[in-house]
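Following: one structure in structure tokens, then a few remarks.
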Amino acid sequence: MIGIQPVDKIRAAEREFAEANPDVNLMLRAADQVAELAERMVPSGTILVVVGPGNNGGDGLFAARKLVRDGRRQVMVWPVAGTAHPQGVVAARQVGIRFLNDLEVGRLLPDIALVIDGITGIGGRTGLPENVHWFAEMCDVLKIPVLAIDIPSGLAAEDHHRPAHVLAATRTITFAAPKLCHLAQPAASACGDVEVADIGLELPKSNLRQMQRMDVARWWPWPTPYTDKYSRGVLGIDTGSDRYPGAAVLPVTGAVYSGAGMIRFTGPDRLADLILHKLPSVTVGSGRVEAWLVGCGWSEEGAEQRFGPILESGVPLVIDADALRYLPKRLPEGSLLTPHAGELAELLGISRPEVEDDPVGKAYEAAERWETTVLLKGATQYIANPFEKRVTLAIAGPSWTAQAGSGDVLAGICGTLLAAGLPAPKAAALAASVQAMAAARKPGPFPPDVVAQAIPEVLVHLAELADQPVLAGDLTPRSIAAQ
Ligand SMILES: NC(=O)C1=CN([C@@H]2O[C@H](COP(=O)(O)OP(=O)(O)OC[C@H]3O[C@@H](n4cnc5c(N)ncnc54)[C@H](O)[C@@H]3O)[C@@H](O)[C@H]2O)[C@@H](O)CC1
Ligand SMILES: [K+]
């Protein structure tokens, strides 16, 4: 798990560091790491460092000095605001770096191997300075690699929006910890590959976090030699309707391919036949279950009647789609709501743009209001946990997953994990992450049920990562295997 840090915490850590280490210049540390990464990105060729008026520009100027010192390349600086970090300017001028004006930049740009963006960092407000709009567009058109220092200019560190004008990066090097803009879409799409450089700052624990592959490997409920189908977890699924028959099949597919011990399907009979045709391991009819999944494709007719008895069962529920309209004030303990932005807006009685404007805040508000875990679905998936007062971002997948049926499959995976006994926040974070990882293995327009079928491959790799014995029949002693 990686903590996502707000700007005030980064600044406070910087102050503390400066007080404790008066002889260390953090800007030089940051600049050295920028220069090293630039070297790796383009071992030769001319580098243009674009600098703004603040310390982000200071990083850029000291990085420029370091890059030019090796004598192998030309480095030029464009101070877009007219003024720039005074000591940085002196340092750059001392080593003979040429400062360009707008006209010169326009002329030389096609021959630039790398742009280093030091216009704005964590002090940046949303939106790129107007006199740089043409430059950002030209970098994009000419496909010039851009290395952003800390934050791609145009983005604001704690904002997930991507404004119309941004200097989109090929890579971003940020310091100490990622900020929300690096991980939340659509802003994240302007960051390229993000590298977090350690410059020695000590940061407090954050209540906004990003799942890592290793977390999925560690938390996954791996079966043991003592497991049977019941202890793996029995999941009840009541989904689908005549209008939405696929919403019966897709959640069950997600649940089967993520390893449910047993599934009891209690939706309409006609749909049970459809499911059995594809997934014969599913059982039909009621019985004891450890968790329920309800709501996918119910449509309005009869929804409340279907929901009532299941709510009374008292086991944890995954509540998706149409069932979200009929939430009681108190939900069974350990339940999970899985709305998309429109459904969350309806739940909170606000508009969809209001949710899209503040997904972290609104997911958390709903989680607090219903005292339950909320998984807000979308390009970035947020898991709001009101018990530990935090929000977790799931591992992100390719944009292909934005298609009808992905949410149904995801609800099925959540169901498997709740039935396995995982607490809802973990179940939701794992389910969303593992589906994204499966989609990343199938980067293309594969339908959601086919993506679900890639989950076992993901789990095999994760099991290796977690050192779980996946190949029980492999009795080859390690010493022989090594030869
Ligand atoms: N805080 C830290 O721990 C460290 C910070 N460092 C660098 O310092 C940066 C922060 O520096 P600053 O606080 O000086 O802030 P920035 O350099 O990010 O930007 C602030 C300046 O840009 C202007 N500005 C902001 N948004 C604008 C917009 N949309 N259009 C036009 N002008 C805009 C502001 O008026 C201000 O003059 C970090 O991002 C990082 O690069 C590093 O040197 C090392 C350590
Ligand atoms: K920048």
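Cβ from N, Cα, C; glycine included.
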Among ASP193, ASP198, ASP215, ASP408, which residue does TrEMBL name as a further (6S)-NADPHX binder in the site formed by ALA247, GLY297, HIS340? ASP408
If one measures from the C-alpha of GLY407 (AMP binding site) to the C-alpha of GLY297 ((6S)-NADPHX binding site), what distance in angstrom results, rounded to a whole number? 11
The mean pLDDT across the domain 'YjeF C-terminal' (211-462) is 96
Going along the chain, which residues six or more apart from ASP408 ((6S)-NADPHX binding site) have their CB under 8 A from its CB? THR239, GLY246, ALA247, LEU250, PRO251, GLY254, CYS296, GLY297, ASP320, ALA321, PRO448
So if I draw a 10 Å sphere around the Cβ of GLY407 (AMP binding site), how many other Cβ atoms end up inside it? 26
What are the sequence-distant neighbours of HIS340 ((6S)-NADPHX binding site), meaning same chain, six or more residues apart, C-beta distance under 8 angstroms? LEU376, LYS377, GLY378, GLY407
